[in-house]
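One structure below.
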Amino acid sequence: MSTTSVVEVINAPASPLAERSASSSITSRPNQPVFPAEDAQHEDISKGKTVVVISSVTCITGISSLLAGVVTVCIPAMAKDVNLEGNLLLWPASVYALTCGCTLLLSGAMADLFGARQLYLLGCFLQSAFTLACGLAKTGIQLIMFRAFAGIAISMCLPSAVSIITHAFPSGKRRNIAFASMGGGQPIGFSVGLSVGGVFTDTIGWRWGFHIAAIINTVIFLIALKWLPSIGKREPVTWNRFLTEVDWIGAFLASGFLAMVSYVLAVMTESLSDIKKPANIALLVVSGVSIGSFIGWVERQERLGRPAIIPNSLWKNRSFTSICVSVFMVWGAFNATEQLSSFY
């Protein structure tokens, strides 16, 4: 199961900027405060649009976790149906979390550039398409590929959903409810997926888990397309803006590091001795070089006053760093416990 937590620290009364970042400090500039005061006024949205925003982000994250639960329970039947080899049994579940985690930073940067609403809708549409494709897969390789693309799709939704919430609601009850619902939809969705996955396997078949999820996802996409509030006016995306306003090198270095480490960890689930294989050792070495290069690169970007994907100075804020470490440990333990509990 893949989950994403939202960390929000505020030091001033609420009110939005013209365009908030899609994730904490993505494309932040070195002289920008870590937690800037919000001094503009949010546009008061109706109760109907409030329901649309909260329901949309909750359902999208919930469906992604629901499918993770379905895959966890249905993988024996899925493997038999699509002739999935034994050494690839864990990949339909692992590759989804792998591609999602590795593309979150890039997706956040794209949301800052092209707009959170636009990227969110694109992610919703692609998740519907690839979820349906998983249900139609004929071979194990097709299933793994479609799950990988679905992971990229949900990575477009997650950071942009955070931006949509912070734009739609000022600090207070509605924003808290929105973030709580978005986070709560993930474990609830996973638990529901475990239950319905077993039912589908014994009755109408595991493919219907993906078909029904795709239908629900499409309905959510259409509702969001019609009623999801826009986020201010945006300047046209020019080639110059595309190249200069996003730290693409930093994003690719960080994503590459996450991809290589996650891949090696996924491979090791079959046997710990696999870490001794030359290919895995090489990947770990390259990943170490990548993270070192990333730290040096963002330091250079800050020094030159250019956009940095995650500025090193951000971690000097003890409150932010402590919260991030705490959230990482808590959600890591929670995810592991929930996954292991599904085996009993």
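In case you wondered, yes, glycine gets a Cβ from its N, Cα and C as well.
Per TrEMBL, the feature compositional bias 'Polar residues' maps to 21-31.
Taken from TrEMBL, the feature domain 'Major facilitator superfamily (MFS) profile' covers 50-344.
Annotated region 'Disordered' per TrEMBL: 20-41, in sequence order.
Feature annotation from TrEMBL assigns transmembrane segment to 51-78 (among others).
Within its own chain, the transmembrane segment (90-107) has Cβ neighbours under 8 Å at 1-2, 4, 22-23, 26, 67-68, 71-72, 75, 78, 84, 119, 123, 143-144, 147-152, 154-156, 158-160, 251-252, 254-255, 258-259, 262-263, 266, 269-270, 309-310, counting only residues six or more beyond its boundaries. According to TrEMBL, the feature transmembrane segment maps to 90-107 (among others).
Here the transmembrane segment (119-138) has long-range neighbours at 22, 60, 63-64, 67, 82, 107, 110-111, 146-147, 149-150, 152-157, 160-161, 164, 207-211, 213-214, 217-218, 220-221, 224-225, 228, meaning same-chain residues at least 6 beyond its ends whose C-beta is under 8 angstroms from one of its own. Marked as transmembrane segment by TrEMBL: 119-138 (among others).
Under the heading transmembrane segment, TrEMBL lists 144-165 (among others).
According to TrEMBL, the feature transmembrane segment maps to 177-196 (among others).
Marked as transmembrane segment by TrEMBL: 208-228 (among others). Long-range contacts of the transmembrane segment (208-228) within the same chain: residues 48-49, 52-53, 55-56, 59-60, 63, 66-67, 70, 74, 117, 120-121, 124-125, 127-129, 131-132, 134-135, 164, 193, 196-197, 200, each at least 6 residues beyond the stretch ends and with a Cβ under 8 Å from a Cβ of the stretch.
Only residues 6 or more beyond the boundaries of the transmembrane segment (248-267), in the same chain, are considered here, and those with a CB under 8 A from a CB of the stretch are 90-91, 94-95, 97-98, 101-103, 105-106, 109, 274-275, 280, 283-284, 286-287, 290-291, 293-294, 297-298, 301, 308-310. The transmembrane segment feature in TrEMBL is assigned to 248-267 (among others).
As annotated by TrEMBL, transmembrane segment applies to 279-298 (among others).
Annotation source TrEMBL lists transmembrane segment at 319-337 (among others).
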Averaged pLDDT, computed only over the residues in the domain 'Major facilitator superfamily (MFS) profile' (50-344): 89
Best-contacting stretch, by C-beta pairs under 8 Å, relative to the transmembrane segment (177-196) and drawn from 51-78, 144-165, 279-298: 51-78
